[in-house]
């Protein structure tokens, strides 16, 4: 046992030496990169690289999944409140007074590449020519006009989306919404083998675009603080931010949740509220809230030891998942940021660049900070508050007559008999938005649809109705044109069906 202990001690000493060498090599490379920064970029480049250095240090310290499965417990009953209970408290007479304490923050760092679009995802048209950003501005403007308030919109951009977003913001200059932006950090991607940055200088255009990345939405705390915007908003009397992904069309300002935050029933304010919703089979990989060392903690699938992944995915044990709609106290962000006390697990995201080089990027997630805040709470909200558009299959749902649009908000049509959304799977011919739009002459009637699978070269004529379960499969070399006015109810369509103009 003594020799075993000695060899373990030797091994950990050896690992410590390796770690120190890696950190030193990283510091040397980052100093070289910083030396190439022009004077007007020096300050924020320095901030970015300092932030990255801290993240890299933690990455070298941590090994293996970051949770001890034995310590995970179900959250206590009162730590996740049903939305009905929050709503039953009603609203205060003076709604404007609570709304004026609120800031809406949208995470706007993502590009539309997964849907075949160039530029920011927020500029993709989703409904009647309106983009994600248009709908967001309409929602907040409607609030401000209805209650005579001044709720501002803040966009967290990345270096990928900042220029294009700023150009488009001019079109809202006459709307009744103040719009602010700040940029999340820009971190260097690192070579998987050497664990050194692949960037040689600070530029991020041309061939250097692949050298840098925005480090996930967990970066919001540091970037918001460093931008000076956090202090400005506190000085204006703002108290809470409502943060959500710009592509989640269900994430509108909820007055009942806001009232619960501002006027807590027990007199003790929550610093952090996470909206969760019940898992369906489609959400088994979603992060879930657990009790861990007497704190609420968000556990993501990447942190789960392999032996427990199936248990994590079980809908019966972990019934809810994080929608990434979060309500956070501004004063708490400031306090924790100044103490360097926001603790988020590191997500290691491996990628292969176009040239075949394997890299990793170190990221964090905004919801993971829940354990750093005092008096955190989960609220189990209706599924309608989680309506993300990640693929063209999601886009088909939100463009269809399943939803009606009112003042920038989408609501499920009253004509739909059951509240769940149909399961839609469009094949690879529909992945890119322009291909998808080309294949639908008009969006089908889907009010009575349960399930749609489409694969291969398929097009839809005008005024098609889909009901029940519909499966359309064109094999390689075949093409199927669904004729205008067709009604497909519980049908499987396969083979060849060409409709030719004459």
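Numbering starts at 1 and runs along the chain as it is shown here.
Even glycines carry a Cβ here, placed using N, Cα and C.
All annotation found in TrEMBL is predicted automatically rather than curated by experts.
For 121, 184, 216, 247, 390, the entry in TrEMBL reads UTP binding site.
Residues or ranges marked as substrate binding site in TrEMBL: 217. The 10 Å shell around the Cβ of residue 217 (substrate binding site) contains 24 further Cβ atoms across the protein chains shown.
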CB within-chain contacts under 8 A for residue 121 (UTP binding site), separation at least 6: 110, 111, 112, 115, 132, 161, 246, 247
Rounded distance in angstrom between the Cα atoms of residue 184 (UTP binding site) and residue 217 (substrate binding site): 8
Cβ contacts of residue 390 (UTP binding site) (under 8 Å, same chain, 6 or more positions away): 114, 247
Largest CA-to-CA spread of UTP binders 121, 184, 216, 247, 390, angstrom: 21
Residue 247 (UTP binding site): tally of other CB atoms within 10 A of its CB: 22
